[in-house]
Amino acid sequence: VVKEKNRMGECPVWEERETALVYVDINSQKVCRWSPLTNEVQSVSVDARVGSVALRQCGGYVIALGTRFAFLDWDTQTVTTILEVEQDKPNNRFNDGKVDPKGRFFAGTMAEETAPGVRARQQGALYTLFPDHSVIKQLDQLDISNGLDWSLDHRTFFHIDSLEHAVHAFSYDVHTGKIACPRVLYHLEKEEQMPDGMCIDAEGKLWVACIDGGRVIRIDPETGKRIQTVRLPTPRITSCCFGGKDYSEMYVTSAYDGLDETTLAKEPHAGEIFKITGLGVKGIPQNFYAA
């Protein structure tokens, strides 16, 4: 549905109030908004790699870029820094993020590659930005903090550390926002490659984007089993969310960075955004950051 290619399209969020899909292109340092009504893509350039974007209750967006949390005013294209983390880790940056059921913004970090396929291990962490702008560190020694979401009963937090090739489940206290007691929920099969972004559907099942696996998979958190696979027409599938007027469509982002020229020539759809229909299941609306 979006032909305008992204180097590293990520973190799609359906924004009902704008009837639009909001997402980031991490490596192009842009926050983008696509309207299915006009088919137009608008974007705001920022001064660092932007890992995630989420909706704000009062309008505009909260973003995680470089190693800082910030607000983005779409109309004025103004970025206002809230605070910075990991100033002792100049090679780190924020990656995926999402707002929890009480309006707190969870986002995690990772080390950038120093050469293709080479990065410092266990340099990442997962943070929670509260509505009063305070921040706590929830997890550390992560490799690539990635996809995240919450169970429908708000008792479980799901999180991906990509290089673990697994989805983890944690107990989650909705009142404090704290997470605890990690366990492996699902370990990816070899052909599924590496887990990236993730979302939950209205039946409480998880959808995981498989980067370099060219697919999204549906996992049942009750049984820890994969129950569905949807293949996509390009390998570097990065994230997914539900949207559309009744949340019955799935939007899937992809990337072309990381593909060599020979592969790129064979992958005309790399970096595009796709819509999957006919899944027979709906998603749920995104939470708003409560400040």
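Quick reminder: no glycine exception, Cβ is built from N, Cα and C everywhere.
Annotated in TrEMBL:
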type	residues	note
DOMAIN	8-255	domain 'SMP-30/Gluconolactonase/LRE-like region'
BINDING	GLU10, ASN146, ASP196	divalent metal cation binding site
BINDING	ARG93, ASN95, GLU113	substrate binding site
ACT_SITE	ASP196	active site, proton donor/acceptor
ASP196 (divalent metal cation binding site) and GLU113 (substrate binding site), Cα-Cα, nearest whole angstrom: 16
Cα-to-Cα gap, GLU10 (divalent metal cation binding site) vs ASN95 (substrate binding site), nearest whole Å: 9
Distance [Cα-Cα, Å, rounded] between ASN146 (divalent metal cation binding site) and ASN95 (substrate binding site): 6
Shell list (divalent metal cation; ref centroid = CB of GLU10, ASN146, ASP196; cutoff 8 A): CYS11, ASN95, ASP96, ILE144, GLY147, ILE160, SER162, GLY197, ALA209, ILE211, THR238, SER239
ASN95 (substrate binding site) and ASP196 (divalent metal cation binding site), distance between Cα atoms, whole Å: 10
Site with most surrounding Cβ atoms, counting all protein chains shown within 10 Å, from the binding-site residues ASN95, ASN146: ASN146
Cβ atoms near ARG93 (substrate binding site) (within 10 Å, other residues, all chains): 22
